[in-house]
Amino acid sequence: MASFPDFVNENEIARSRTIGELITPTSPFEQKYGRENWTVAFAPDGSYFAWSQGHRIVKLVPWSRCLKNFTACSTKNGVNLTNGRLSRQNSDLGQRNKPIEHTIDCGDIVWSLAFGSSVPEKQSRCVNIEWHRFKFGQDQLLLATGLSNGRIKIWDVYTGKLLLNLMDHTEVVRDLTFAPDGSLILVSASRDKTLRVWDLKDDGNMMKVLRGHQNWVYCCAFSPDSSMLCSVGAGKAVFLWDMDKYTMIRKLDGHYNDVVACEFSPDGALLATASYDTRVYVWDPHIGSILFEFGHLFPPPTPIFAGGDNGRWVKSVSFSHDGVHIASLADDNLVRFWRIDKSYPVEVAPLSKGLCCAFSTDGSVLAAGTQDGNAYFWSTPKYVSSLQHLCRMAIRRVMNTNEVKKLPIPQKIMEFLTYQTM
């Protein structure tokens, strides 16, 4: 069994450049259980990076400062990694909300975390007779942490203070995701087989319970327009939900083992799912078809072997902001960078005991967490998107597949816009 197809020479695949690492301090008496870094996340504005260090601790670090430290170390070795885009993002933050480092004790093992950001709201001329304990401003940045005891804690990122304690799940909160429209709607996925929808602008009111999973729910992700939610879990489950009606749209069939991670492309036209069956599938979520398959074991395993302990479980997947690159992390101690127009990785990086990965806000860096509670960072593949692809993304942000198919356009353009051709 091999990690790459026969037509690919592993030695010719480029190695991603490591730019830094954040190591969790340990003591000789510390137990290994509970040290896992189950999740890493970047703030939507690029101001913060957060990771679970294990043993109840979440670390919040200003990303620009962290990147400068990496750059300083790399410059000493003759490599310049200055990132102007992140620097500009952080310079826009007001002095009042200048990022500072926080260490948060969540009170229990942290399995998931997510950043949530509010947006400016239109001022209503009507008299508001509602009362809320918390009134979030237009520059609010929150961190949600999902715990082993089923609780969700909401923190103010700028102060590190606890704001809300959400209690309704009965098992581990395995994943969290905020609606990207600034509504501060939070969805949680749990081992209790449910997804729960919370309204943080209504003091964390639990709005809805989404039922349908027969086993653990591992991960959930909003589409960029917040209209659709994907949830994945044990038993090969991939579900799509309408977040206006809170109903299931469809189930996606194709995986042969537990599905543990999912993420939409920036234009919402594609959905990537990672499974223990050694595969990452890229779907068209609007019609439920598989467009691309990225294998991590060759020759491809049979359904019976893929459904068991095959040694190539894919643990995490992340979509870059360019809509072209995908990162995956598997049990063979490799991080892979894929391009959706190629069936093999364009770059790889060694990583032992990896559990999770996420692209930075601008896609220039990939972060990954490990069983030891550490976080590692790589420079991502350099690629200039074609004008055609940028136009496609602009169109797909406002039109789903069914709407595109109704356009009076040539077949070749239709296939390009629906990602059937690259």
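Using the three backbone atoms N, Cα and C, a Cβ is placed for every residue, glycine included.
Pulled from Swiss-Prot, these are the features on record:
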REPEAT    124-165  repeat 'WD 1'
REPEAT    168-208  repeat 'WD 2'
REPEAT    212-251  repeat 'WD 3'
REPEAT    254-293  repeat 'WD 4'
REPEAT    309-346  repeat 'WD 5'
DOMAIN    374-422  domain 'SOCS box'
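In the predicted structure, the repeat 'WD 2' (168-208) carries a mean pLDDT of 97. Under 8 Å from some Cβ of the repeat 'WD 5' (309-346) lie the Cβ atoms of residues 1, 3-5, 7-8, 13-14, 16, 257, 260-267, 270, 272-280, 282, 292-294, 296-297, 301, 352-359, 361-363, 366, 368, 378, 380-381, 383, 385, 389, 393, 419, 422, all in the same chain and six or more residues away from its ends. Across the domain 'SOCS box' (374-422), DSSP classifies residues as 22 helix, 5 strand, 22 coil.
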